[in-house]
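Colleague: My questions will all concern the structure given below.
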Protein chains: 2
Amino acid sequence: MASSAIETDGQEILDLEKNRQAEKAQWVLNAPEPPSLWRELMDSARETVLPHGKRFPYLKDKDGLFKTVISVLQAMFPIFSWCRHYNATKLRNDLLAGLTLASLCIPQSIGYATLAKLDPQYGLYTSVIPPLIYAVMGTSRDIAIGPVAVVSLLMSSMVPKLEDPEANPIAYRNLVLTTTFFAGIFQAAFGLFRWLGFLVDFLSHAAIVGFVSGAAIVIGLQQMKGLLEIAHFTNKTDVISVMQAIWRSVHHYWNPHNFILGCSFLSFIILTRFVGKRNRKLFWLPATAPLISVVLSTLLVYLTRADKHGVMIIKHIKKGLNPGSIHELQFNNPHIGEVAKTGLIVAVIAITEATAVGRSFASIKGYRINGNQEMVAFGFMNILGSFTSCYVATGSFSRSAVNFSAGCETAMSNIVMAITVIISLELFTRLLYFTPIAVLSAIILSALPGLVDPHEAYYIWKVDKLDFLVCIGAFFGVLFASVEIGLLAAVIISFVKIIIISIRPGTEELGRLPGTDIFCDVNQYPMAVKNSKALIIRVKSGLLCFANANFVKEKIMKWATEEEENDSKGKRTVQVVILDMSNLMNIDMSGIASLLELQNNLASGGMELAITNPKWQVIHKLRLANFATKMGGRVFLTVGEAVDACLGAKMAAV
Amino acid sequence: MASSAIETDGQEILDLEKNRQAEKAQWVLNAPEPPSLWRELMDSARETVLPHGKRFPYLKDKDGLFKTVISVLQAMFPIFSWCRHYNATKLRNDLLAGLTLASLCIPQSIGYATLAKLDPQYGLYTSVIPPLIYAVMGTSRDIAIGPVAVVSLLMSSMVPKLEDPEANPIAYRNLVLTTTFFAGIFQAAFGLFRWLGFLVDFLSHAAIVGFVSGAAIVIGLQQMKGLLEIAHFTNKTDVISVMQAIWRSVHHYWNPHNFILGCSFLSFIILTRFVGKRNRKLFWLPATAPLISVVLSTLLVYLTRADKHGVMIIKHIKKGLNPGSIHELQFNNPHIGEVAKTGLIVAVIAITEATAVGRSFASIKGYRINGNQEMVAFGFMNILGSFTSCYVATGSFSRSAVNFSAGCETAMSNIVMAITVIISLELFTRLLYFTPIAVLSAIILSALPGLVDPHEAYYIWKVDKLDFLVCIGAFFGVLFASVEIGLLAAVIISFVKIIIISIRPGTEELGRLPGTDIFCDVNQYPMAVKNSKALIIRVKSGLLCFANANFVKEKIMKWATEEEENDSKGKRTVQVVILDMSNLMNIDMSGIASLLELQNNLASGGMELAITNPKWQVIHKLRLANFATKMGGRVFLTVGEAVDACLGAKMAAV
């Protein structure tokens, strides 16, 4: 009697357990419908058109309009937020940082303008308007805005294909300004319509590391033109063409004065950098070394009249503030499509570089950068820049680091820098008449080592071999072909990598972790125990689709039908194949067809197929295709339940 | 005392539980290294070069060589397996099926040869050698081998670009035979080196449905040439060009005799099909209707001498068996690259079509098709076919269905068919002199409705909208551009779809299923309960990479920082963000960088980040990047453990 009662109890518990399992299986099968493709598209479109949709909670209130305007203004112009807490201490720090920044920025700007094949003053113009606008709209406190090396290289390698800068400098400048305008438009669009932002993400971290390193080497080689005084330099940027041009001119004619002058000041700048690294208090020494070099070399040339002995000098720099340039933008140009494309590429590179700089300093100081607002700020500063004779400005690696170590507090340091540049433009341009070009080259060269990052490349190699492939693809592409080929190579390798990983037709066998109900990959967790009668398989990719479904099916069939020999227990006969679907984000018609075939093939071999934990899209499609019914309802929430249910049923049948 | 003992016990259990959790976390962190990229590449290369590596277990034995040879021969020539169990009943069935097949095959072969712009006898040749070789090497019992409509269309639309079939029929034929040779080589290679087989998978089920439907309509329009007796037809295959050509010629001149003849016999064939469907015993009626039409129409033309009144007739068909054609293969042709490309496309389409046919009948009868052996068989039959004046043969939809309903048992029915065609070639070709071309067009037209499958297209639309896009891409591409554009459109849409799904930057929130320790998507399982203090997030894609990492990070930050209002409990404050990584197959440098930023951003907001169940590749990379250490070890095996550990620690701290 008592034993019968226990049996009944046991039976009841068993029944209860079964009911619970059945209920859970119903949860899987009766999930609500996922949002349709149409609905998802509409949702993303709405988010794109109304990105600030949820940000206007005040509109329901009385006098809500005013509050809304204020909140929008505060979002668009972060300066309104931070300038309320501004004080004298911060001003002192920003003043110091801004002046240090200006001393580095003036010679660099002139150098980068010549790199971009523009007159020197355009570099200075670009250090005036964009920093002022960024200070009002940007969210980073440490970034230093102005012309940078990589963007200048992009300009000088892409725009001359459309217009020769030497034969027709004004037409060339007009195209550069138009490119700047397009770059600004694209950047603002990336920020305002967030779905466009995915274009910025096309360049992965690895791609940028490779691209910037390659570009730095290319820029370095371009400086040979200034150091060696090469008259007929090549317009191509790849290493081989440039080396040939250098080789030719070295054999032909070169003036050692330029070379000696450049190398001496390059050594001086590098020396100050070592001193600055040794003694942190002397941080201003490397930062002001370029300006010191300019002053010393200019004096030297002026006193010795070395320009008469072949030392090339800047000569005339136009005095005065940025002239307006709206009339210079050319939208009727026959190359307008090419110009827009260049603008897009420059926009993406500039944003990626600036965001990387901004984020790294923000994470050191522990504040957040608003990615979208940054893009809007960059966009506006370049659009307005193109109206005021500026070419594309962005955040500079080297100057932001100087700004940071000089102790800047807010974007006010950019304002200080811009004002200093304005004063220089008004007063000091004549003093730069005798500045030797070789020193500008030395200043640019001294900024390049910071762009080449072998440590990062090694780190990428160590962590992710395929990402390293993207990195060297960009690197060698830039070095041996052109900047565009380098970028294209990186993007293509990146996407091929995604496809390969996504449709990789791998499978892994799962086993139960001892003492738990958790099933894991037996290779990742060697302590996991395989089931002797159930083959538990998980697909090693997020998709079961035309490209891998057939392969996966064949592999599972092979696995299930080949008798696996266990050393201890002799042969293992599989009775149930359980397919854990928890990985699968989606499935397509070919995937469903393969599952059906797998089920039929297994059934003809006397085995059963069960599936567990299908995701929303997957179970929805399986339901639409009536697969769940064709499976005989062997759909479970967890692997454990599937094992219990299937093997239990088999036992009962025996 | 007693209560203290209980407390101690409770404490011990708690400690034990904690130890177990710590142990499990160590399992996650100390997983062995996954195989390196290099190792994986070598493994796949080895499998490719030695695909049968594991199939030779006998080689270790004595007289193992003999057994190995036998097993290889049996694998290569399945006929050795099935012919041992062959008996009189099977022969009787195969004989009946083979004869029925031949009666359909002869008129269809002639028609498809004219569609491929070859002389009629080449269609008959193609129904001799390939079926014989397939019977020896193939693994399907029901498939009927010979020329098919879609492949003939591919030939007639791609090869004429290289050589004009009307101006230079011999050169055209040579190129067709060379294409056949290449198709065979590719097919054999797909079968022998299984990694090449992925090329076959590039065309998804949906793409094939769309492509074949479009091709059927194009083929139907091509038949207007025969029905309307159009002298100057277009070489293009798109609907618009063909309609224009028809329109022009209808206005210009057309002979109603051809049209009336063709339409009458088309009606007759369609009528017999209805009768056959009504009465299953009359299955032979639709199968033999084409032959009956040919015989009747030939007699009619012969008796009335209608050819003198403008009815076009086949005229001379060369008598005798396949002539050798090795000398016709042209490997020095300047178009050899184009020919090889056409061969590849034809090889893929032919295999995909035949495999679909073979699999569907195999699954009805419950046997398995060996995909690789099939490709090898197709390859050899086309290579040897190209040596014996055959063009590309494959499995035909319509004839395989007839073969199946006629009750075939083995591939012997193909041998019977081939022998019948041989006899016809030797004896009856002269009888086909007066066969009107319009009847051939009618026979081809009658086979087309089986290729257009609106039900399947609707099914695809119902289950998978994006797959439907692939389907209509192929359909409209074939219809309005060309067969190549159609295929290209399908492949490109398919891969863009994979990329979109793989890098979709979606996230889902998880909740605990009541009464379990399982955490599931709260949208898929509405009964799941969100944790009030922990935000549990899963990424909705298999990859966290450059293309989606930043977006995902921003989304999680927004989710974590926006105070969510719960109707019942008021505001919810998130203390811990748990990222369930069980979906993620892989992560790249950008993904790791985003996770680090997420962790820093959350930390500056006073929140903690924990990750659970990282897959092998993911935890390996996170370890290499020292992320696990930077996380402070908050890596767990399950979400439940993460919730307990993190919230427990927070509680203890309070």
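Just so it is clear, glycine is given a Cβ too, placed from its N, Cα and C backbone atoms.
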Colleague: Given the ranges A:400-424, A:525-549, which one is assigned the annotation transmembrane segment in TrEMBL?
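Modeller: Within the set A:400-424, A:525-549, TrEMBL attaches transmembrane segment to A:400-424.
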Colleague: Of A:375-394, A:635-654, which range does TrEMBL call transmembrane segment?
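Modeller: In TrEMBL, residues A:375-394 carry the label transmembrane segment.
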Colleague: If you check TrEMBL, which stretch out of A:68-86, A:258-276 is marked transmembrane segment?
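Modeller: Result: A:258-276 is the stretch TrEMBL calls transmembrane segment.
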Colleague: Answer yes if the transmembrane segment (A:133-154) and the transmembrane segment (A:202-221) have at least three CB pairs under 8 Å among residue pairs 6 or more apart in sequence, and no otherwise.
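Modeller: As far as Cβ distances go (cut-off 8 Å, pairs 6 or more apart), the transmembrane segment (A:133-154) and the transmembrane segment (A:202-221) touch.
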Colleague: Do any residues, 6 or more residues outside the transmembrane segment (A:202-221), come within under 8 Å Cβ-to-Cβ of it, and if so which ones?
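Modeller: Same-chain contacts beyond the flanks: 115, 149-150, 152-153, 237-239, 242-243, 246, 348-349, 352-353, 356, 444-445, 448-449, 451-454, 456-457, 460, 464, 467-468, 470-479, 483, 486-487, 490-491, 494.
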Colleague: Report, as numbers and ranges, every residue of the chain located at least six residues beyond the transmembrane segment (A:175-196) whose Cβ falls under 8 Å of a Cβ in that stretch; write 'none' if there are none.
Modeller: 44, 47-49, 51, 116, 118, 155, 159, 162-163, 325, 328-331, 333, 335-336, 339-340, 342-344, 346-348, 350-351, 371-387, 389-392
Colleague: For the transmembrane segment (A:258-276), give me same-chain residues lying six or more residues beyond its boundaries with a C-beta closer than 8 angstroms to one of its C-beta atoms, as numbers and ranges.
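Modeller: Hits for the transmembrane segment (A:258-276): 226-229, 282-283, 285-287, 289-290, 292-293, 296-297, 300, 306, 310-312, 436-439, 441-443, 445-446.
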Colleague: What mean pLDDT score does the domain 'STAS' (A:525-646) have in the model?
Modeller: 83
Colleague: Summarise the domain 'STAS' (A:525-646) by DSSP state, stating how many residues are helix, strand and coil.
Modeller: 50 helix, 29 strand, 43 coil
